[in-house]
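Peer 1: Below are the structure tokens for one structure; questions will follow.
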Amino acid sequence: MFKLKLFFLSIFLFFPLYNFSQVQPTSIALNQILQKKAIEFKNETNFNKAHLFFIKNNWDSTLVYSMKQLISSKNEELMDYCHFFRGYSFREKKLFKEAQSEMHLISNKFILYPLVNKNLGQISLELKEFEKAIYYFKEVEKLPFSNNHGYKISIIYENLGICYLHLNQFNKAEEYFFKSLELQEKEKDLISLIGLNMNIAGLYYQQYKDLQAITFFEKAYNLSKKVNHFESKKNASLNMAIVEENRGNFKEALAYRKESSKWNDSINNQNKVWAVADYEKKYAIAQKQKQISVLKVENKLKDTQRKTMFLSTLGLLLVLSGGVYAYAQKVKNTKIILSQKIKLDELNATKDQLFSIVSHDLRSSVNALKTSNSKLTTSLETKNYNELDNLLNQNSAIANSAYSLLDNLLHWALLQTKQLYFHKDSVHLFSIVQQIEFNYKSLLSDKNITFENSVSKNNFIWVDLDSLKIVLRNLLDNAIKFTPENGKICFYTVETNTNFCQLVIHDSGLGMSQNTIDELLQDNELLAKKKNSEIIGTGLGMQLCKQMIKKNGGSITIESELNKGTKMILSFPKTEQNG
Amino acid sequence: MDNINVLIIEDTPEQSDTLSKVLLANNYNIAGVAQNYTDALTLFYKNPVDIVVIDVFLDGKPDGITFAETISIVPNAAKPFVFLTSSHDRQIFERAKLTKPFSFLMKPFNELEIIYALEMAVEKFYDQTNVFLSEDQDTIISNDYMFIKKRNVLKKVSLKDILYIEVEDRYCNIITEKEKFVILISLTKISALLDKNKFIRTHRNYLVNSDTIEEIILADNLVILKGNHKVNLSDNYKDFIKKIKTLS
């Protein structure tokens, strides 16, 4: 019988504690204080996190971050807070020893020190160190009453009562219980009131004051009907059942038992519902997880797609730009080819023109020779010997001019096809001029032209001999052509201090206008047009001269006055002395 | 002074005849006219030859070049030569160019051109360029001969025939047993070109052919040469006597 009672009591005793702890975290006052501190120590991230998790009742995280804060910072105030957090969290996790040691570490300057005491009291109670618990609770009780620190004095009284009850100091227990009852009836906290009533009932029951006990049991039972708290209902009805059982009213006892078991079922149901809800939640989470993984896979797929897309775009772009570049190149090439074609066409036209002029000239020369030869034959037949000399001279003149034309043509062709042999050597200019003149002696005497070679005998130039001869031959030929009878042609050198030797070919001929000079010296490969077929030749000779002079590293300028004469000024590199 | 001997290697008789005429007119001797490679070699070794005129193409083959190559590889036999060519063919020229010293003459050519080419060939061959046409020198000296241009005619004098050389300003009097003439060459040049062991300086103005010395009279400071030519001996140049092997 007694054993039975004790069993009940142990159930009641813990009830208020449980109840109390539920109220505590929602205490607005405590939260406000913590909030202020959090703002004050904004920079202490660990503290902030610990505080946030504390408010959210996430005890493990609170423990972790408060420990981090303790390691990183030595601020005493913050350390107190952290120890408080840790103590509280340990208590919630039922690690009472650790909770107690943490709480002891808090300095007594701490603002929430009463709360610490209260907590220590509760912890001692849990550890069944009732004497200590009473000491701590008394400390709290000593302080002026206030609701600011997040605890109710009524609860303190109740806890004191429980302690005395355990120490079997029933009078003191009764006194505190009633003090608490008085306050709690004012507060209208039904659930704690039920617990208190049951505690009082338990107190009387232990003293075998059954009647008084029953009154409080019933009171608790009646109150339990008003609340929607299955635990309280179950405990109240169970207690009633035991009471009735002890009184021998088994029928009623059975009814209470049944009610109790009904509430128990409800709790279980609720648990089941919670379990189901939990399961559903888990399922939902799993579902979500699945979705997430699917999304992840999709994302991955998209990512790879994007990558492939990007790469292919890049590749396409590359191909495109390559294509554009190739096209541009092609266009450029086409342009070059086109311009080359135009140039080639021009050159070809020039060549055609040249051929037509040359063949015409040659044809007329040969024709003249033919006519002259037939005349010669006739003269021989008729034995008109006086005519012979004249005709022969004429023939040789024609042959000479035709030969020089052909010679020029040959050299021009060689030059164009780049087959001309070119070998620079030291050349004695005076001798060369003499050699050239030698071939033109008859022509000069025919026109009674005075020829003068005043080239300095010490002049050696560094040129290709044959091309120099071609140049001089052509220029002398021209000079003779344009100089009237009894004229004068003079070759002389002008001393310069440069590395170039200036050779002047001065004739007293027709001369030419500045336009003609410019035309002659124009650096194109087109041949001058034949304006006056009698005097002006193909222009081939002049072209050849210019190219040969250029090839020899020399230059040509022309000074001329109409009807007075022309100066062709050539300059060639001198032979370097001693080298 | 002797005329220059020219060997003509030319396969066209007309052209060789013209050439011969021109050369004879300019006081050259014709050492022979060869029409092919073999004849050319025979004539070259049989007759004394000073200059060879070679046609590049003999019977359509570039045997002229082959000949030039042949005489060029024999060190002491080589003589100055001139290529005649009407071809502008580049490859042939590249080959001909390898026979250094290389001079050539393009056909057709006139009298002046061939004379010029021959003189140039001699200059190039003995590596004494710009001599005949400049105004301060007219003589080229080889190991055996002096080539002298006298009044536009190229002549030669054998060094063996020279008794002594008397220097006078830019001129040198060459005295041989038979004649005496003046050439235009500076003392520094002539002493650099002549063999120092053969032509000995006896006086500031005298170079003596040592082979012709017959007697040295130290008391009178005189050197007596072949043909009783007397040359002064100055104290500064007496050292050469030590080198001469004398019967004592």
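Positions of Cβ are set from backbone N, Cα and C atoms, glycine also.
These came from TrEMBL, pasted as-is:
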DOMAIN    B:5-122  domain 'Response regulatory'
MOD_RES   B:Asp55  4-aspartylphosphate
DOMAIN    B:146-248  domain 'HTH LytTR-type'
Peer 1: Compile a sequence-ordered list of residues in the same chain as B:Asp55 (4-aspartylphosphate), six or more apart from it, whose Cβ lies below 8 A from its Cβ; state 'none' when nothing qualifies.
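Peer 2: Within the chain, B:Asp55 (4-aspartylphosphate) has Cβ neighbours under 8 Å at B:Ile9, B:Glu10, B:Asp11, B:Thr12, B:Gln15, B:Gly64, B:Phe83, B:Leu84, B:Thr85.
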Peer 1: For the domain 'Response regulatory' (B:5-122), DSSP counts of helix, strand and coil?
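Peer 2: Counting residues per DSSP class in the domain 'Response regulatory' (B:5-122), I get 54 helix, 27 strand, 37 coil.
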Peer 1: Residue counts in helix (H, G, I), strand (E, B) and coil for the domain 'HTH LytTR-type' (B:146-248), per DSSP?
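Peer 2: For that range the per-state counts are 23 helix, 50 strand, 30 coil.
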Peer 1: Across the whole of the domain 'Response regulatory' (B:5-122), what does the mean pLDDT come to? Round it, please.
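Peer 2: Mean pLDDT for the domain 'Response regulatory' (B:5-122): 88.
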